[in-house]
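Record features (TrEMBL):
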BINDING   N11, W12, K13, G179, S219, G240, G241  substrate binding site
ACT_SITE  H101  active site, electrophile
ACT_SITE  E173  active site, proton acceptor
Amino acid sequence: MTTRTPLMAGNWKMNLNHLEAIAHVQKLAFALADKDYDAVEVAVLPPFTDLRSVQTLVDGDKLKIKYGAQDISQHDSGAYTGEISGPMLAKLKCTYVVIGHSERRQYHNETDELVNAKVKAAYKHGLTPILCVGEELDVREAGNHVSHTLAQVEGGLKDLPAEQAESVVIAYEPVWAIGTGKVCGAGDAQEVCSAIRAKVAELYSQDLADKVRIQYGGSVKSGNVAEIMGQADIDGALVGGASLDADEFVKIIRFREQ
Ligand SMILES: O=C[C@H](O)COP(=O)(O)O
(Lines of atoms letter the chains of each structure in order from A; the text may use other names.)
(Lines give C-alpha, C1' and ligand atoms only; values in the text may rest on other atoms or scores of the structure.)
Protein backbone atom coordinates (compact mmCIF):
# COMPACT_ATOMS: atom_id res chain seq x y z
CA MET A 1 0.00 0.00 0.00
CA THR A 2 1.24 3.50 -0.87
CA THR A 3 2.14 5.73 2.05
CA ARG A 4 1.21 9.33 1.46
CA THR A 5 2.98 11.99 3.53
CA PRO A 6 0.32 14.39 4.87
CA LEU A 7 0.61 17.94 3.58
CA MET A 8 -0.46 20.71 5.95
CA ALA A 9 -0.56 23.93 3.94
CA GLY A 10 -1.40 27.38 5.26
CA ASN A 11 -3.15 29.56 2.70
CA TRP A 12 -2.71 33.06 4.07
CA LYS A 13 -4.98 34.53 1.39
CA MET A 14 -4.63 38.38 1.35
CA ASN A 15 -3.10 38.62 4.83
CA LEU A 16 0.35 39.45 6.31
CA ASN A 17 2.79 41.85 4.68
CA HIS A 18 6.39 40.79 4.03
CA LEU A 19 7.60 41.86 7.48
CA GLU A 20 4.75 40.03 9.19
CA ALA A 21 5.51 37.04 6.97
CA ILE A 22 9.08 36.85 8.23
CA ALA A 23 7.96 37.00 11.87
CA HIS A 24 5.28 34.39 11.25
CA VAL A 25 7.56 31.88 9.51
CA GLN A 26 10.22 32.37 12.19
CA LYS A 27 7.63 31.60 14.84
CA LEU A 28 6.50 28.47 12.99
CA ALA A 29 10.08 27.30 12.49
CA PHE A 30 10.91 27.83 16.16
CA ALA A 31 7.80 25.97 17.33
CA LEU A 32 8.50 23.05 15.00
CA ALA A 33 12.24 22.85 15.70
CA ASP A 34 12.08 20.75 18.85
CA LYS A 35 10.90 17.61 17.06
CA ASP A 36 11.56 15.97 13.76
CA TYR A 37 8.53 16.59 11.59
CA ASP A 38 9.49 14.59 8.54
CA ALA A 39 6.27 12.63 8.93
CA VAL A 40 4.27 15.73 7.96
CA GLU A 41 5.09 18.15 5.18
CA VAL A 42 4.45 21.78 6.07
CA ALA A 43 3.93 24.56 3.54
CA VAL A 44 2.95 28.21 3.66
CA LEU A 45 1.20 29.94 0.80
CA PRO A 46 1.71 33.69 1.27
CA PRO A 47 0.74 36.59 -0.98
CA PHE A 48 3.13 37.16 -3.90
CA THR A 49 4.69 40.18 -2.20
CA ASP A 50 5.94 38.00 0.68
CA LEU A 51 7.53 35.23 -1.36
CA ARG A 52 11.01 36.71 -1.69
CA SER A 53 11.21 37.34 2.06
CA VAL A 54 9.99 33.82 2.85
CA GLN A 55 12.47 32.36 0.36
CA THR A 56 15.37 34.26 1.96
CA LEU A 57 14.41 33.01 5.41
CA VAL A 58 13.84 29.39 4.36
CA ASP A 59 17.10 29.29 2.36
CA GLY A 60 19.16 31.14 4.95
CA ASP A 61 18.03 29.07 7.92
CA LYS A 62 17.69 25.83 5.94
CA LEU A 63 14.11 25.43 7.12
CA LYS A 64 12.08 22.37 6.19
CA ILE A 65 9.01 24.56 5.68
CA LYS A 66 8.04 24.71 2.02
CA TYR A 67 6.27 27.59 0.38
CA GLY A 68 4.28 28.43 -2.68
CA ALA A 69 2.01 30.96 -4.34
CA GLN A 70 -1.76 31.37 -4.35
CA ASP A 71 -2.16 31.67 -8.12
CA ILE A 72 -0.21 31.54 -11.39
CA SER A 73 -0.75 32.97 -14.85
CA GLN A 74 -1.37 30.51 -17.66
CA HIS A 75 1.09 32.60 -19.71
CA ASP A 76 4.88 32.59 -19.38
CA SER A 77 5.37 36.33 -19.99
CA GLY A 78 3.93 39.28 -21.87
CA ALA A 79 1.37 42.05 -21.62
CA TYR A 80 -0.74 40.63 -18.78
CA THR A 81 -0.87 43.43 -16.23
CA GLY A 82 -1.04 42.23 -12.65
CA GLU A 83 -0.27 38.60 -13.45
CA ILE A 84 2.59 36.50 -12.05
CA SER A 85 4.14 33.80 -14.24
CA GLY A 86 5.42 30.28 -13.67
CA PRO A 87 9.03 31.25 -14.46
CA MET A 88 8.81 34.01 -11.80
CA LEU A 89 7.55 31.57 -9.17
CA ALA A 90 10.13 28.96 -10.18
CA LYS A 91 12.89 31.57 -9.83
CA LEU A 92 11.69 32.12 -6.25
CA LYS A 93 12.00 28.33 -5.73
CA CYS A 94 8.33 27.90 -4.91
CA THR A 95 7.32 24.28 -4.45
CA TYR A 96 3.55 24.68 -4.64
CA VAL A 97 0.98 26.85 -6.31
CA VAL A 98 -2.71 26.97 -5.42
CA ILE A 99 -4.88 26.76 -8.52
CA GLY A 100 -8.62 27.21 -8.87
CA HIS A 101 -9.32 28.26 -5.30
CA SER A 102 -13.06 28.91 -4.93
CA GLU A 103 -12.31 32.59 -4.23
CA ARG A 104 -10.60 32.80 -7.66
CA ARG A 105 -13.47 30.91 -9.28
CA GLN A 106 -16.03 33.16 -7.56
CA TYR A 107 -14.42 36.62 -7.73
CA HIS A 108 -12.34 36.23 -10.89
CA ASN A 109 -14.61 33.95 -12.88
CA GLU A 110 -11.99 31.23 -13.25
CA THR A 111 -13.35 28.34 -15.28
CA ASP A 112 -12.24 24.71 -15.36
CA GLU A 113 -10.62 25.46 -18.72
CA LEU A 114 -8.49 28.25 -17.24
CA VAL A 115 -7.72 26.16 -14.16
CA ASN A 116 -6.53 23.37 -16.46
CA ALA A 117 -4.27 25.80 -18.36
CA LYS A 118 -2.81 27.00 -15.05
CA VAL A 119 -2.18 23.41 -13.88
CA LYS A 120 -0.24 22.80 -17.10
CA ALA A 121 1.66 26.09 -16.66
CA ALA A 122 2.66 25.01 -13.15
CA TYR A 123 4.07 21.68 -14.31
CA LYS A 124 5.84 23.33 -17.23
CA HIS A 125 7.90 25.25 -14.68
CA GLY A 126 8.42 22.53 -12.10
CA LEU A 127 5.76 23.70 -9.63
CA THR A 128 3.33 21.33 -7.92
CA PRO A 129 -0.30 22.45 -8.22
CA ILE A 130 -2.70 22.33 -5.32
CA LEU A 131 -5.86 22.00 -7.40
CA CYS A 132 -8.88 23.25 -5.45
CA VAL A 133 -12.32 21.80 -6.03
CA GLY A 134 -15.59 21.82 -4.13
CA GLU A 135 -19.26 22.66 -4.22
CA GLU A 136 -21.34 25.65 -3.14
CA LEU A 137 -24.12 25.20 -0.56
CA ASP A 138 -26.98 25.00 -3.07
CA VAL A 139 -25.16 22.25 -4.96
CA ARG A 140 -24.74 20.22 -1.77
CA GLU A 141 -28.35 20.79 -0.75
CA ALA A 142 -29.44 19.50 -4.16
CA GLY A 143 -27.33 16.39 -3.55
CA ASN A 144 -25.02 17.09 -6.48
CA HIS A 145 -21.82 17.72 -4.49
CA VAL A 146 -19.99 14.61 -5.67
CA SER A 147 -20.74 14.97 -9.39
CA HIS A 148 -20.01 18.73 -9.26
CA THR A 149 -16.63 18.19 -7.57
CA LEU A 150 -15.64 15.32 -9.85
CA ALA A 151 -16.40 17.44 -12.92
CA GLN A 152 -13.97 20.05 -11.55
CA VAL A 153 -11.34 17.35 -10.99
CA GLU A 154 -11.77 16.06 -14.53
CA GLY A 155 -11.68 19.59 -15.96
CA GLY A 156 -8.60 20.56 -13.97
CA LEU A 157 -6.64 17.45 -14.97
CA LYS A 158 -7.73 17.37 -18.63
CA ASP A 159 -5.00 16.03 -20.92
CA LEU A 160 -2.46 16.05 -18.11
CA PRO A 161 0.10 13.27 -18.58
CA ALA A 162 0.31 10.60 -15.89
CA GLU A 163 3.90 11.52 -14.95
CA GLN A 164 2.60 14.94 -13.93
CA ALA A 165 -0.77 13.92 -12.51
CA GLU A 166 0.82 11.54 -10.01
CA SER A 167 2.26 14.44 -8.01
CA VAL A 168 -0.79 16.72 -8.09
CA VAL A 169 -2.35 17.71 -4.77
CA ILE A 170 -6.13 18.01 -4.85
CA ALA A 171 -7.80 20.12 -2.17
CA TYR A 172 -11.46 19.38 -1.55
CA GLU A 173 -12.96 22.56 -0.15
CA PRO A 174 -16.73 22.73 0.18
CA VAL A 175 -17.31 26.43 -0.45
CA TRP A 176 -19.93 26.69 2.30
CA ALA A 177 -17.35 25.56 4.88
CA ILE A 178 -14.68 28.12 3.96
CA GLY A 179 -14.20 30.81 6.58
CA THR A 180 -17.66 30.17 7.99
CA GLY A 181 -16.82 28.00 10.98
CA LYS A 182 -19.10 25.31 9.47
CA VAL A 183 -16.94 22.24 9.09
CA CYS A 184 -17.94 19.52 6.71
CA GLY A 185 -18.43 16.37 8.78
CA ALA A 186 -15.40 14.10 8.56
CA GLY A 187 -17.53 11.34 7.06
CA ASP A 188 -19.00 13.71 4.47
CA ALA A 189 -15.52 14.98 3.55
CA GLN A 190 -14.31 11.38 3.25
CA GLU A 191 -17.22 10.56 0.94
CA VAL A 192 -16.10 13.21 -1.55
CA CYS A 193 -12.35 12.61 -1.14
CA SER A 194 -12.84 8.91 -1.76
CA ALA A 195 -14.87 9.73 -4.89
CA ILE A 196 -12.06 12.05 -6.03
CA ARG A 197 -9.52 9.23 -5.67
CA ALA A 198 -11.80 6.87 -7.60
CA LYS A 199 -12.11 9.49 -10.36
CA VAL A 200 -8.32 9.86 -10.56
CA ALA A 201 -8.07 6.05 -10.78
CA GLU A 202 -10.61 6.06 -13.61
CA LEU A 203 -8.69 8.79 -15.46
CA TYR A 204 -5.25 7.20 -14.91
CA SER A 205 -4.80 4.06 -12.78
CA GLN A 206 -5.40 2.88 -9.24
CA ASP A 207 -1.65 2.88 -8.68
CA LEU A 208 -1.42 6.56 -9.63
CA ALA A 209 -4.54 7.47 -7.64
CA ASP A 210 -3.01 5.87 -4.55
CA LYS A 211 -0.07 8.28 -4.81
CA VAL A 212 -2.13 11.48 -5.15
CA ARG A 213 -2.59 13.50 -1.98
CA ILE A 214 -6.06 14.82 -1.30
CA GLN A 215 -6.47 17.58 1.25
CA TYR A 216 -9.58 18.81 3.01
CA GLY A 217 -10.06 22.55 3.45
CA GLY A 218 -12.79 24.55 5.16
CA SER A 219 -12.68 25.81 8.76
CA VAL A 220 -9.94 23.36 9.80
CA LYS A 221 -8.79 24.04 13.36
CA SER A 222 -6.77 22.22 16.02
CA GLY A 223 -10.02 20.98 17.52
CA ASN A 224 -11.29 19.19 14.41
CA VAL A 225 -8.14 18.27 12.48
CA ALA A 226 -7.55 14.88 14.12
CA GLU A 227 -10.96 13.55 13.12
CA ILE A 228 -10.53 14.87 9.58
CA MET A 229 -7.06 13.37 9.29
CA GLY A 230 -8.42 10.05 10.55
CA GLN A 231 -10.23 9.54 7.25
CA ALA A 232 -8.73 7.06 4.80
CA ASP A 233 -8.64 9.36 1.78
CA ILE A 234 -7.69 12.64 3.46
CA ASP A 235 -3.96 13.32 3.29
CA GLY A 236 -3.68 16.79 4.70
CA ALA A 237 -5.41 20.11 5.13
CA LEU A 238 -5.51 23.39 3.28
CA VAL A 239 -5.92 25.79 6.17
CA GLY A 240 -7.02 29.40 5.77
CA GLY A 241 -7.86 31.50 8.83
CA ALA A 242 -6.31 29.16 11.41
CA SER A 243 -2.95 29.23 9.59
CA LEU A 244 -2.58 32.94 10.43
CA ASP A 245 -2.15 32.04 14.09
CA ALA A 246 1.24 30.32 14.34
CA ASP A 247 0.41 28.49 17.58
CA GLU A 248 -2.85 27.19 16.17
CA PHE A 249 -1.24 26.14 12.88
CA VAL A 250 1.47 24.25 14.78
CA LYS A 251 -1.24 22.39 16.73
CA ILE A 252 -2.85 21.47 13.41
CA ILE A 253 0.50 20.25 12.06
CA ARG A 254 0.91 18.18 15.23
CA PHE A 255 -2.51 16.58 14.89
CA ARG A 256 -1.08 13.17 15.75
CA GLU A 257 -0.28 14.35 19.27
CA GLN A 258 -3.92 15.04 20.11
O1 LIG B 1 -7.56 27.74 1.35
C2 LIG B 1 -8.11 27.57 2.43
C3 LIG B 1 -9.53 27.45 2.54
O4 LIG B 1 -10.21 28.34 1.73
C5 LIG B 1 -10.08 27.31 3.93
O6 LIG B 1 -10.17 28.54 4.58
P7 LIG B 1 -10.61 28.56 6.13
O8 LIG B 1 -9.70 27.58 6.82
O9 LIG B 1 -10.41 29.97 6.57
O10 LIG B 1 -12.02 28.09 6.17
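A Cβ is built for glycine as well, from the same backbone N, Cα and C atoms used for every other residue.
One way to see the shell of the substrate site is to take the Cβ centroid of N11, W12, K13, G179, S219, G240, G241; the remaining same-chain residues with a Cβ within 8 Å of it are I178, V239, A242, S243, L244. Largest Cα to Cα distance within the recorded substrate binders N11, W12, K13, G179, S219, G240, G241: about 14 Å as a whole number. Rounded to a whole number, the C-alpha distance linking G241 (substrate binding site) with H101 (active site, electrophile) is 15 angstrom.
Comparing the binding-site residues G179, G240, G241 on other C-beta atoms within 10 angstroms of each C-beta gives the minimum for G179. Here the residue listed as 'active site, electrophile' is positioned 10 angstrom away from N11 (substrate binding site), judged by their C-alpha atoms. The binding-site residues near ligand 1, defined by a Cβ under 6 Å from one of its atoms, are S219, G240, chosen from W12, K13, S219, G240. On the backbone, the CA of K13 (substrate binding site) and the CA of the residue listed as 'active site, proton acceptor' stand 14 Å apart.
Counting only same-chain residues at least 6 apart in sequence, those with a Cβ under 8 Å from the Cβ of W12 (substrate binding site) are A21, V44, L45, P46, P47, D50, Q70, S243, L244. Counting other Cβ atoms within 10 Å of each Cβ, the recorded positions K13, H101 show the lowest value at K13. Taking the Cβ of S219 (substrate binding site) as reference, residues of its chain lying under 8 Å away and at least six apart in sequence are, in sequence order, A177, I178, G179, T180, G181, K182, V183, G241.
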